[in-house]
Amino acid sequence: MGCDGRVSGLLRRNLQPTLTYWSVFFSFGLCIAFLGPTLLDLRCQTHSSLPQISWVFLSQQLCLLLGSALGGVFKRTLAQSLWALFTSSLAISLVFAVIPFCRDVKVLALVMALAGLAMGCIDTVANMQLVRMYQKDSAVFLQVLHFFVGFGALLSPLIADPFLSEANCLPANSTANTTSRGHLFHVSRVLGQHHVDAKPWSNQTLPGLTPKDGSGTRVSYAFWIMALINLPVPMAVLMLLSKERLPTCCPQRRPLLLSADELALETQPPEKEDASSLPPKFQSHPGHEDLFSCCQRKNLRGAPYSFFAIHITAALVLFMTDGLTGAYSAFVYSYAVEKPLSVGHKVAGYLPSLFWGFITLGRLLSIPISSRMKPATMVFINVVGVVVTFLVLLIFSYNVVFLFVGTASLGLFLSSTFPSMLAYTEDSLQYKGCATTVLVTGAGVGEMVLQMLVGSIFQAQGSYSFLVCGVIFGCLAFTFYILLLFFHRMHPGLPSVPTQDRSIGMENSESYQR
């Protein structure tokens, strides 16, 4: 009860910035899930081949990773962070508005690269601001943050669905199976098997399509609707920024991010309160910079090996789990329509929505659970659940019912892994390392690499390899998590004093002492 009261008190003191950071992650979610269902329409719009349109995915993921790594540049002050979030969320609305006018695949790839940069910046900055505000109490707020990702990712396919073209924009003399709307590798693999003597249309550029086909114009409405829905988000950031810049008339006002720490200080003995009057620390946190600054910090020279091992193993866990999230959502449709399941294309189209829907539900359920369960326990349950679910799917690979149940189960188990791992790692390192930047970067790399790797294996080995990859990557995630627990036990930074005292002590020590 006391913990819940403290958390609710923290939320009341930081309500506006917290709601703003949550809404910014809604923009992130909107932008992360719309490419899959709109792929065929965008391909028709740009008159491009499958290998050409695949660069759109790559450009978004690569720039998302780059934006995550460089996001720390904008975290040095609160004003920089808010300006970065305002620019990024506004850029996402502009991207949605501009996509219908991209008639060339290179232009579309460039636009999606801009979206990726904005998403990466949002990912790093919003996560870090919440961790910086709430520190040891950040687990609950991170769960809500990532709930908004799932909500946005669930909403964007639902918005796009009524506007997707049912017509086939392929040449009339093509005998290709065009019903596999969602995925590049599925179509190219099927065509490669069934049309050995013919040149597959996946390597051909579509002939010019006249505007009469409407394949580009109908889906344009979906993008414009998403642009309008997202528009209040940059406005909310601008309101918070203007509120932060008001104190020209009242210089006594302190930064918004300080209130959570003031509340923590109120529970300390008087001598500790007097010793920690360091508000500038919260304007520029030395422990939370961009990836390159973290790697070059001189005050990490004395850190024990376990300090670096915790960073690496935690990032590897998220490399696997976030990579599985991206790969499963991208290829579950292709797996379902293939033999032995041969699910109807319309029915299979519900699988990605089911997956993201249960991710959203899982993040919603994790909000109250995270206030009563340790982040380490939640991550353990999640990773074990992922492995068990993939094993069940592999054993019952001929059963469509198990595919739908397993998809929902995977969504639940993967939903809270990232925020729980972030809260656990930051607390293990006493908020002194570069955990947020490293973990966000590791998750971004995993989402990009595993999606490409699973797609290549799927194309070469067949649909059964999809579940085998899931089992392997799930087991690797579990192995890395066990190693993380081991290094956490070995870490000399584990004090016997309460966590609350640690959150204060970390302000007075910027480097490890051997």
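Even glycines carry a Cβ here, placed using N, Cα and C.
What you are looking at is a predicted structure, and each value in this text was computed from that prediction instead of being measured.
Features reported for this protein in Swiss-Prot:
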- 19-39: transmembrane segment (TRANSMEM)
- 53-73: transmembrane segment (TRANSMEM)
- 82-102: transmembrane segment (TRANSMEM)
- 107-127: transmembrane segment (TRANSMEM)
- 139-159: transmembrane segment (TRANSMEM)
- Asn177: N-linked glycosylation site (CARBOHYD)
- Asn203: N-linked glycosylation site (CARBOHYD)
- 221-241: transmembrane segment (TRANSMEM)
- 307-327: transmembrane segment (TRANSMEM)
- 347-367: transmembrane segment (TRANSMEM)
- 376-396: transmembrane segment (TRANSMEM)
- 400-420: transmembrane segment (TRANSMEM)
- 438-458: transmembrane segment (TRANSMEM)
- 466-486: transmembrane segment (TRANSMEM)
Stretch contact, the transmembrane segment (466-486) with the transmembrane segment (53-73), Cβ-Cβ under 8 Å, 3+ pairs: no
Spatial neighbours of the transmembrane segment (19-39) far in sequence, C-beta under 8 Å, 6+ residues away: 53, 56-57, 60, 85, 88-89, 92-93, 95-96, 112, 115, 118-119, 122-123, 126, 129-130, 144-146, 148-157, 160-161, 164, 181-184, 219, 222-223, 226, 229-230, 232-233, 236-237, 239-240, 329-330, 333, 349, 352, 356
Leading contact stretch, 53-73, 307-327, 347-367 vs the transmembrane segment (400-420) - CB distance under 8 Å: 347-367
Two-stretch contact, the transmembrane segment (53-73) and the transmembrane segment (347-367), at least three Cβ pairs under 8 Å: no
Feature contact check the transmembrane segment (307-327) with the transmembrane segment (376-396), CB under 8 Å, 3 or more pairs: yes
Cβ-Cβ under 8 Å with the transmembrane segment (221-241): same-chain residues at least 6 beyond its ends: 16-17, 19-20, 23-24, 26-27, 30, 34, 38, 79, 82-83, 85-86, 89-90, 92-94, 96-97, 99-100, 155-156, 159-160, 162-164, 256
Chain residues in Cβ proximity to the transmembrane segment (347-367) (below 8 Å; excluding those fewer than six residues from its ends, i.e. six or more beyond): 33, 36-37, 140, 143-144, 146-147, 149-151, 153-154, 157-158, 181-182, 325, 328-329, 332-333, 336-337, 378, 403-404, 407-416, 419-420
